[in-house]
Structures are given as structure tokens and as C-alpha cells.
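Copied over from TrEMBL, here are the features:
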- A:12-33: transmembrane segment (TRANSMEM)
- A:45-64: transmembrane segment (TRANSMEM)
- A:71-89: transmembrane segment (TRANSMEM)
- A:95-114: transmembrane segment (TRANSMEM)
- A:121-141: transmembrane segment (TRANSMEM)
- A:168-188: transmembrane segment (TRANSMEM)
- A:218-237: transmembrane segment (TRANSMEM)
- A:257-282: transmembrane segment (TRANSMEM)
- A:289-308: transmembrane segment (TRANSMEM)
Amino acid sequence: MTNLTVSRSTPASTIAMVALGTAIIILFAAPWWAGRSELRLLGEIFLYMSLATLWNFLAGYAGLVSVGQQAYVGLGGYMFFAATIFWGLSPLVALPIAALIGAAISAPVAALIFRLRGAYFAIGTWVVAEVFRLTFAQISALGGGSGTSLPVSVAQSLADGRDAREALTYWLALGIAVVVIGAVFAFLRSRRGVALMAIRDNELAAKSLGIDIWWTKFTVYVVTAGLTTLVGGLIFLQKLRISPDAAFSVNDSTAFVIFIVVIGGIGTLEGPILGTLVYFALRETLADYGTIYLIALGVVAIAIMLFAPKGLWGLIRGHRGTELFPLSRRVRGLTEKGQ
Amino acid sequence: MDWINAIIQGALLGGLYAMFAAGLSLIFGVMRLVNIAHGDLIVLSAYVALTTSVGLGLNPLLALVIVVPVMAGFGYALQRLVLNRTMGDDLLPPLLVTFGLSIIIQNALLMGYSADPQKLQAGPIETASVNLGPITLGVMPVMVFAIAVAVIAGLQWMFYRTALGRAFRATSDRQDIAQLMGLNRAHVFGLAMALSLAVTAIAGVFLGIRTSFDPAAGASRLIFGFEAVIIGGLGNLWGTLWGGIILGVAQTLGAKINPGYQILAGHIVFLLILAVRPRGLFPRMDG
Amino acid sequence: MPDPIISIQGLDAHYGDFQALYGVDLAVEPGQVVAVIGANGAGKTTLMRSISGLLKNKADAIRWQGRPIGALRADQIAALGIALVPEGRLLFPSLSVEENLIIGGQLGRKGPWNLARIYQLFPILQERRNVPATALSGGQQQMVAIGRALMSNPELLMMDEISLGLAPVVIKSIYEALPDIVGEGLSAIVVEQDIAKALSVSSHVVCLQEGRVSLTGGSGELSRDEISKAYFGV
């Protein structure tokens, strides 16, 4: 008799999880070892990593290709500003409130735009983002089309002194990245996650297994929207200033994020993380070139899509299916039996 | 009277939107491709017209003779060299590739022409108008509308009365069996994109004559075209014209209430129609 | 023995990791009708898809008048004069009956077949030429599918399960048209599950079993036992 066991972890994934834990501890200590500008950059990296993971969750796992996630980034920023300025909430309370509002608003939006299929869904999400942008441009209490700044008192209420404030903002960014990646990981390991991957692989077969496709995708959309709103709130806490064009910018919140996911590897958890690191490495070295840099990003994204559609992570993992995040179940004991 | 005037102006504007939409509708109908760079290609056409009309001292209307074949050729090459490699069951590759293309076009235009708004100068015809009782109609808007109707009638005729249209419909129905008839799918797709960009070129030139444009103007043109397609019903060319008209009227009426509401009103009417009639107002019967 | 118009040697075919054909050999001489028989899943349709270019092959696995054509695209194969009546007819639903026929002839190859000849062969199609092709009955749709293939004036006509799903009386009338079609000097490969039907129209028969040729010979020379052994593998 051979013993067949099913497990998810592999030696590679165990090592990776230990390394990840260590990295998080080192990064947590960054305010003590990094300079102010590095800290800001790291914070930005974590926010983009979160956006990329969320977009990948939506497009790479649920097949909901959105080019309108800036709707929720901007909504998060505005809700955070509104909650602190008008309702006098502390920033740490305002952030989760903004996330809840984002999730609540995304539910009727989903019900509406889920009527569009495939690529038309994508443009539909963009229309929604435009509606949000044009609507906030009409709200004069939030500065209308020219936008508004976060009052100094709100920023000061976060923590005493500039260093402490920046450290806290950084920890929030690190925390949200851990929460987002952890939440997506947990979702994918759950029953719902298995259902989601079944839908991705074969929608018809999944349906015949009794999986409610609409409801599963709806859940993913709403969860993603809520978390994207949360990230949006943090982005504008870091920026301290908001305007409709900046808040609902398709370039900043969606184009770069799509680039990150495509270059890293769509449909894997590792891809967006790797892609974020590559993107920031490129940006920090080439951003002085302005428009040429953006053209180059577009060319690289097209080339990757044409010649290596699984992205850099797809090239690295090759055919062996290496996973740093233990997601797939593997049957053990079969090879011994075969020999 | 102002309101009636606004409705008429909106309807005429809708002709332009219908031309934005016709190109999108055509390639979706033939190969299920949604081109995210469509709006940027409209704006690119306007810039090509700007360069030819300024460079050769031509009226932009005459520049059409150059812009249309240039864009059609570009479309054919784009499809054969790039987009055909992405065609398949997975809709993500064409979507992301055209998204990348959109960013490339925008930034290339920014480099070549700067962010300053430009306009095509068509001469006295731009301001000419005729009075019909209390209503004043601009000659240019009426001409754009008439051309939109002609373009859509032409596409309709091509689709249902010519060998090319037959090839498009057959390929749209069953790609592999169409190959058995001796139709080279790659070539048929190339022709569809060429035709789509020929229409796009016409739309771009008239966009440039009617309003000023800048390298970032493409996104909203894509969205207007898309809204007209969905309002009219997928796969229905005449429906697309109606979609454009409804969108144009919604925008001018919105602007009448408050200039800030112009674009918003169009989006809201689109979302309302999506909520009430998700298949559009004129869905295709055989679809 | 005349040179074959088409000769297939050692043809393999794959769907992803699944291999559907293993080293299939087959040859058709000019004017000959070859029947391909076999149970469901034996690889008959895969063979048709390979020959017509819908599945990619090694270039020299298929030779047309001596020339390797295995790696050509389907539209290039069609231009050589190889036409397929696909299993399940697969007409173009947005085209009328007449448009389906016209598009079959869009390559413009010269030969005896044109709209008038097709309407002469199947008069009912002329009556219904302006209706959408998929609004016809199954038998009439099969006539359109055959007519569509003939319109290209092929030298080799391949018919995949043309009697599938049709009433016996309709099958009979379609097969009655077959001598008229083959009488024009073209060669044909007829795929059939109905062995008696296959033997009656062909001069040569090839039996497939699980992707391999299990029997081949003259249609009149094979015994029932040989055939059923090759067919079912018992």
C-alpha cells in the first residue's frame, strides 16, 4: 500500500512563506532604518502592490476585466476626505468607513454593469468611473473641479510630529498590502475560491456543478471594490490633496496597475508582487524620460502579452508550476507508486 | 424654442457619435474584438489630417483623400502584424494589447504635437448657417450628420449586398468553416480593421473641424462611441445611428440645464437604458 | 496503377495532449470514391479536419498530386480544389441559402458547377434560395452544405457523415444525387457510420479504429466478418 496524501505546501512554498514573514518584520522596522524619501517610496510600492493584487483578483481570477478601478480609488479618496472634514472622524476610523461605503456603492454598480459581457464590461466600468469623476466635480463643498486639500488639523490628528505621522502612514500602507494579499489568498483557498477557479477554467462545467457564477463574481467585485476604496483612501492620505482628475485618473490607478499585472504574470498571486517591483525599478530609473518612458511601458506590455502571456512569473516558474503561495492541492505518493 | 433647438443640435451631434460607434461596431461584429484604442485612433486621424492639411495647404475636407487611405492601411497592418496574434477564445490579450496601444498613441501624439489643443480649419463653411424659421442650422453640423447617415448606409450595403460583406458575415458566423471556403481569416480580419479605421478617419476629421482636440481626447470618444453602440443594440448599424442621436440629445439637453452636466447627462442616460433595456433599444433580431 | 491525387502517409493528429490519429495511410486515385468507416471516436472527423487544413500537420504527411500540403492553411487547401462537407453541415446562419452557395464558389475555380447546376441537382433549394440557411429542414440544409462544397468545383470532395440525423427517405434522395456528382470526374472521400451505405457508394474502403487504420481493401472484396472485426475490434 502506498499512502496518498493531499497537501498544498511544497518545500519551495514553505521557504517562501518563512522568507515572506521575515521580510514583513524587516519592512515593519523600516521607519527606523530608512530615510524619509525611501519610506515614501516603499509606502507607494505597497499601495500599488495592493491595487495590482486586487485588479489581478478581479481580472485574472474572476475574468472581470475592469478598466474602471479608478472609480473606487477616487471614491476612497473623496470619502476619506469627506469623513474627516465634514463628519470630523479620526483618519483611522474614516478609512474603514470609506471602504464600507465603497463596497455598498459597488453592489448596485455591479448589478448594472454585469449586464455587459467581456470587453464591453471593461468599457462599462470606465463609464462608471467617469460618472463618479463628473459627479465629484459638481460637489462644490469638496472643491468642485479644482479639488481640495486635507486640513492640517486632520493630518495632525493622526500622530504627533511629522516623523510619527509618516511612520504611521507607512505602516498603514504596509498593513493594507498584507491585508489585501492575505485576503485574496484566503479567498482563493476557500470553497468560494475553488469555485472561482473552476469558473475561470470552464464556465459551463462550473455551472453544471451547481456553482452560482453570477453570485461568485458579484462577491469578488464587491470585495475588490471595498478594498480598492480603502487603498484609495490611503493614497490620498499620503497625497494630502485631491481633485477629480487626479482621483479618477485612468492612467494612475488602472493603466499602470494593468501594466504591473501583465508584466508580472496575470492569474497568479506572485505575479502582481513581482510586477510591482519591476515597475518601480523601471520608474525610478527611467521616469525622467517622460513620454518615451510611457511609450516604452506600452510597448513592453504588448510584447509581453504577445510573446510571454503568462508574464515574468510564468517564465520563472516554467512548467514545474512552482508556487510561493501554497494554493494548488498536490497529490503525494503517486510517483512512488508509478515507479 | 431653445429646447427644440438644443434637441436638434444634439441630434446632429449624434451623427458624429454614430461614426465613432460604427467603426467599433464593425470590428466587434466581424471578429468580436473591442478596440480600447479606438478613441485614440480617432484623435490620431485628426492629427494626421492636421499635418496633411497644414503641410500641403489643403482644406481638411480634401485631406480626407489622404487620411482615409493612410488610416485604412495602418489598420490593415495593425491587424495583420499585431492584433491577429491575440485573437482567440481569451478576450484578455486583445483587450490589453489595444489598451497598451492606446497609451502608446497618446504619448506619441504628446511628443509630436504637445498637449496644446489643436483645431482643423475648414474655412467659411464652419460658420455658414441656414435659417429655418426660428431655428438656425449650421451647415457643418448638418453636413456631418448627412455624412454619418451615408457612412452607415454604405456600411449596411457593404455588409448585406457585397462579396466582402458576405465574407465578413461568414467569418463572423463560423471562422473555421469560412476558411474552408477559401477565405483567409487573417486577411478578412485585416480588411475589417482597415474599413473600421477608414470610418474612424472620417470621424476624426469631422471631430477636428467641429471641436478642438488634444492627445488625451481619445478616451471620451471611445466611451461616446461605445455608449452609442450599446444604446442602439449590438450588431445593429442603424440602431447605432439612433444610439448616437440619443446620446447627443442627452448631452445637449444636459448642457442646457447646466454646462457641467453635458457629459454626465449622456452617461446617465446610457446607464438608465442599460438598466431598463440591457440589449439596447434596437437589438438585432437574428442575434 | 495511376498516381493518386492525394496520398496520406503516417499522419498523426493531436488535440493538446491527446493523440487522435496514429500513422494513418490513405490514398485516393483520380475518379475514385473511398469510404472511411469506423465507430464513434475512431478518428474519422479528425482525419477530415487534418486533410482540410483545420488541424496542422507535418508538411509531407499529406501530398496533393505529389506536392506536400500538410502544413498549408485551410484556405490554401481549399484553393487547391479540396472541399469538405463538414459533419453537422455547419452552414452560415447569417447568410441566405443562395449566399451560402455563392460563398462556396467565391474562389472562382473553373468547372462544371455553378448556381444553376446546383439548383438543377436540388430544385428545392432554388425555391427557398432567399431564406436564411438555418431555417431549412435538416435534409435541405445538407443539400446546401453539399452544394456549397461543389460550388468550389473541387477535384476532391470530402463528405463527413452526410446522413447523420436525417430521415431514411432524405438520406436516400441525397445518395441518389451522388452518382451525378461523382460522374463529373471528381474524386471523393465519404465518411459513414452506416457500413452498407459506405460500401455501396465506394470502390475502396478504409476502416479506422481508435485512431489507426484497422482494415483497408476493395469495397466488394471484404467479408462481413473482416469488417466487423476491424470496426469493433472484437
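Numbers here mean position along the shown chain, with the first residue as 1.
Each residue, glycine too, has its Cβ placed from N, Cα and C.
Annotations in TrEMBL come from automatic prediction, not curation.
Here the transmembrane segment (A:12-33) has long-range neighbours at 39, 42, 163, 166-167, 170-171, 174, 178, 322-326, meaning same-chain residues at least 6 beyond its ends whose C-beta is under 8 angstroms from one of its own. Each of A:45-64, A:168-188, A:218-237, A:257-282 was scored by its Cβ pairs under 8 Å to the transmembrane segment (A:71-89), and the highest score goes to A:218-237. Among residues of the same chain six or more beyond the transmembrane segment (A:95-114), those with a C-beta under 8 A of the stretch's C-beta atoms are 71-72, 75-76, 79-80, 83, 89, 121, 124-125, 128, 172, 214, 217-218, 221-223, 225-230, 232-234, 237. Between the transmembrane segment (A:218-237) and the transmembrane segment (A:289-308) there are fewer than 3 Cβ pairs closer than 8 Å, counting only residues 6 or more apart in sequence, so the two stretches are not in contact.
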